[in-house]
Every structure is written in C-alpha cells, then in structure tokens.
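Participant: The annotation transmembrane segment is assigned in TrEMBL to 13-33, 99-118, 138-165, 186-213, 328-349, 369-387, 407-430, 451-475, 481-503, 547-569, 575-593, 652-678.
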Amino acid sequence: MGSSILPDLGAEILIPVCAVIGIFFSLAQWLLVSKVKLSPGRDSGSPGNNGAGGKNGYSDYLIEEEEGLNDHNVVIKCAEIQTAISEGATSFLFTEYQYVGIFMVAFAILIFLFLGSVEGFSTKSQPCTYDKSKMCKPALATAIFSTVSFLLGAVTSVVSGFLGMKIATYANARTTLEARKGVGKAFITAFRSGAVMGFLLAANGLLVLYIAINLFKLYYGDDWGGLFEAITGYGLGGSSMALFGRVGGGIYTKAADVGADLVGKVERNIPEDDPRNPAVIADNVGDNVGDIAGMGSDLFGSYAESSCAALVVASISSFGINHELTPMLYPLIISSVGIIVCLITTLFATDFFEIKAVKEIEPSLKRQLIISTVLMTIGIGIVSWVALPSSFTIFNFGDQKAVKNWQLFLCVAVGLWAGLIIGFVTEYYTSNAYSPVQDVADSCRTGAATNVIFGLALGYKSCIIPIFAIAMSIFVSFSFAAMYGIAVAALGMLSTIATGLAIDAYGPISDNAGGIAEMAGMSHRIRERTDALDAAGNTTAAIGKGFAIGSAALVSLALFGAFVSRAAISTVDVLTPKVFIGLLVGAMLPYWFSAMTMKSVGSAALKMVEEVRRQFNTIPGLMEGTAKPDYATCVKISTDASIKEMIPPGALVMLTPLIVGIFFGVETLSGVLAGSLVSGVQ
C-alpha cells in the first residue's frame, strides 16, 4: 500500500496554518476597506490638501463632479443611509437567530434522543458497525458528541452569515464614495469586502472542524469510525441553519423588492432606490440578509457537509482502518490549499490588474474563476501526490475498492472543472452581454406576459448543460473511487469557495452602493458607474448560486451513499412499491417547499405594497420630497413576515426524513431522499 510522503505532523501543521493565514488575509483586506472614511475629514474641503494620501489616493476626496460644494453633505448622507441599512439588517438577523436558536436546541435534543436510544442509552462498549470483531465506544457517546458537533456547525454557520452581513453593510457606502474617483476604485472596494467574507468563512469552517476532530480524538482514541460518525453532526448543523437563513432572508429581500418596485417604479414612476420610496431601505437591507448572510450560510453548509461525508467514508476505508492520519485528512488539506490558491487569485483582481473602464469589470470577475481553477488543479495534483499513498482501498457498499492516488486526483479535479463549467453556463444565461438575456429583453416589446414566458423558458433551458456537467463528474468520480470520489468531487467544486464567495458578495455590495448613490442625490455619472458594477454583480451572484447548487447535488449524493451504507441497504430497488412511493413523494417535496416560500413572498409583498401606497397617499409632501417617509414600518413588515413564514418550510425539510423513517422504514426513506435530490437539482 505504501505511505504518504507528507508526514502526519506536516498535515497537522499545514491545516491550521492555512486557516490562520486565511483569517489574517481577510483582516488585511478589511483594514484596506476601512481606510475609506465615512466622516468628512478636515482635508475633504480643501483641494490643496489632496496629496496627503499618497499612492492609494485615499485622501483625494474632491472630484470635479461633486464641485466640492455639497461634498460634505454627500458624505454625511451616505453615512446616515449606511447606518439605517446596517441597523435594519442587524435587527432582522438577531430576531431570526432567536427563533432559529429555539429550533436548533429542539433539534439537538431530538438528535440526542434518537442516537442515544439505539442501545437504550447504554454506556457499555458495543461491536463496531462495520467490523463486528472490534469493540467501539457506546451509543450514548456517539449521541453526545454528534449533538455537540451539530451545535458547533450551527453556530459556525450563523456566525459566518452574520459576519458577512456586517462586512457588506460596512462596505456599501464606502463603495459609493469611491465611485466618485472612478469605477476601478469602487470595484476594488466592493471586491475586497467580498473577499473578507469569503476568506473568513472558508478559514473559520476549516479551523473549527479541525479543532473539533482533535478534541473528539482525545475521547475516541483509535475508534476512528465512531469519531468521524460523530463529526457528521457538524455538516448537519451548518446546513440546517443555512436552510433558515436562506428561506428567511429570501422572503425578506423579495417582499421588500416587489413592494418597492411595484409602487415606486410602476405606479408612481419614480426611479429605483429613490429616497421618497418608503420601502427603499427595506429593499437594501434585504440584499444583505438574503444574498449575503443567507448565501454565506448556504455555501458553508455545503462545504461542511462535503468534508464530513468524505471523512466518514475515509474512516471505514484503509485510511481509517490502518490509522493513516495524513490521507485521512486529505479533504481538509484540499480546503487548506484552496485558501492559499484563492489568496493568490484575489491579488489578481485587487493588486496586479487595475480596472480602468466599465467593460473590464465582468472579464475581471471571470478571470478570477479561471485563475483559481487552474491554480487549484495544480494544487490538487501536488496534494494528491504528497498526502496520499500510491494505492489504497476505499469502502464501497460493503466491499473495499482498490484505488490509486492519481484516480483520486481526477475525482477532485473533475468536480472543480464541473464547477467552472456551471459558473460559465450560468453567466451565459444571466449576463446582458449574451443572446439569452437580450431575447428576454426583446420580448418586452409585446408586454409583460411574453416577457414572463420567455424568462421561464430561459430558466428551464439553463438546466441542461449544468446537469450534464454534474452527471459527468458523478460518473467519473464514482467509477474511480465510489462514494468517496463523489464526496471529494463536491469538495473540489467548493475548494475555491473563498473566491466564489468574494465574487458572490461583491454583487449585493455594489447593488447597495447604487442605492446609496441614488438616495444621497449624487450625480448621474456616479449612478452610471454603480449601475455598471451592479449589472456585473447580478451575473456573479447567479454564478455563486450555480456553484451552491452543483456542489449541493454532489454532496447530497455522497450523503445519500453514506446513509445507504450505514443503514445496510445493499440496493435501492425502484420496482418495490415502498421505494417507488418514496420516489414520488420525494420528487414532490421541492414543489411543496417552493409553493410555501413563494406564497410567503406573495403575502409579505402584498402587505408591503399596501403600506407603501398608504404612505404615498397620506403623508403630505412625500412625492415632492419635502417630507420623509416612514422607512421603519416597511422594515418591520418584511422582518415580521419572513420570521413567521420561514418556520413551516424549514420544518417540512427537517421533519420529513424523521417522520418517513419512523413510520415507513428505511427503504421508503431512501426513495424519498433520492426523489427529492433528483427533482430539487433541476
């Protein structure tokens, strides 16, 4: 079998060091963003002083467009708007986390009861699941440690989302102010802020998981099967919080968006983000809680799940049986190298190339994806060579399958490149530079109905190539390394998560910057610059969602494999009625879930529209701009609606597997899981 080139100590040093580098890099980026001052400094009024800031030009505030006269007021106004957005987002997330916290504790108790009751809460050692000749730790220990790792994952997920939101609301007004100096400066500020979130999330997720494994090892010792089974709770905690963050934030942002646009743009014919519109602050808050906090938790969930799925399969393969630590930690080493690769990639956008014109924005973001993928392929090659033995065996539904290290390299690489393909296809279907979006725009000539039809058709059509990419990566990775191959392919897709998130978070930050420019009454040219940033941002946000969905499909399949292995089901036979019924019900679940969330958005938007209309009709001087709208009421409507409406969809997803498993058995449940996976990805 041979052993790996990298010694165990090397792996134990490499992982935390890379994570800490990631955290320090994100702090450095944050410091650079914070150099843009939001309080009008003493040199902002006198043109003679603008040499003081040196090369970064942080003090050359005065730009001819603002004529220097209202410069002072603009900065103050931007600061005020930023504070309002930040306060709205913070209060929403705190309220959301209070409700989610209750659910989290209840679910943790359920996990403990279910796992502990397996052997009647016994504290005696029991035969191992996969090797009956050995004795393993008692079921009660698994229950306690799984519950702890579930809570750890949940808290890490919540913290990731919250920090992302804080950084985004910190950077939005700074991006607006930088847009006065040119589109390049504004782009760098927005992108750096996105990078802060990306690196913090990737490094935190890795570090917490690594520390948890080492702490659990103190108790489990040589029982690696039990240790990594208990660690799976980390992934579950991450993705269950992501579910609520995504649903709650999504309902919030869409309700505010629809309300603001319907009344403001359609009925009253005022521009988007006009300060006279009462829902405008809620709309900007929504971008942060939905697209940043929700997306952050979401990608963290996939990231934690894929790491845990790979570790569980590895623990019952030759790595775990022979206690080879470095190959065992292969998934974490990939993520560590990913952080370093993304760090180099980020410098290409912020330091090596400067953006001078609007048309360079989107190519620069695409370059990020290509550079990170190419560098990561080299990184994976090196890691597979030094961290894996030349040949080893992987658990494959009861058998051990012989695998070579180059085959595992191909598994990770195919996931990584499939991610790039999905990213580019998504960009093709969502960017205004290509024919699909231009066709949809063209269809507007005959009214809204044809536009909706074209848009829906485009959405359905955009599934085709990504599904083939996912199918291809599943085929290659499963052929080479069974379920472990699929888990590491998902990890490959997420290995450049720091860059992916930076690109993703950049979108809402630019969107907010445009809104602030409009509300602060800045000149038309500045609004044009922020709009250009925002247009690229909308496309990149879609790319981020593409990555999230692609990786989630692979992770779900890997976890499904782990579940089938653990439940000792050798095959899932579609022709047995139990399984087929499960498939049908499972395929229906995404539709039920979508119906719930869409209805929630509809009813929340209805309340929002009524409130905005009421204010326009009853507040004298609002349309003339002499009176201020009541922003707080609109923020409250969105908050209350999303908190109330996020519980049923969340409960549907979390409780269905438990109910089906208890009442209808494991086979039906395997059908439900397979059905919802296939239907949900589309």
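Note: Cβ is positioned from N, Cα and C throughout, glycine not excepted.
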Participant: Do the transmembrane segment (328-349) and the transmembrane segment (547-569) come close, with at least three CB pairs under 8 A (pairs 6 or more apart in sequence)?
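Facilitator: Per Cβ check, the transmembrane segment (328-349) does not touch the transmembrane segment (547-569).
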Participant: May I ask for the residues of the chain that lie six or more residues beyond the transmembrane segment (547-569) and have a Cβ under 8 Å from a Cβ within it?
Facilitator: 129, 232, 235, 295, 298-299, 302-303, 305-306, 309-310, 312-313, 316, 395, 397-398, 415, 418-419, 422-423, 466, 469-470, 473-474, 482-483, 486-487, 489-490, 493-494, 500, 666-667, 670, 673-674, 677, 680-681
Participant: For the transmembrane segment (186-213), I need the partner stretch with the highest count of C-beta pairs below 8 angstroms, choosing only from 138-165, 407-430, 575-593, 652-678.
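Facilitator: That would be 138-165.
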Participant: Six or more residues out from either end of the transmembrane segment (575-593), which same-chain residues have a Cβ under 8 Å from its Cβ atoms?
Facilitator: 649, 652-653, 656, 660, 664-665, 667-680
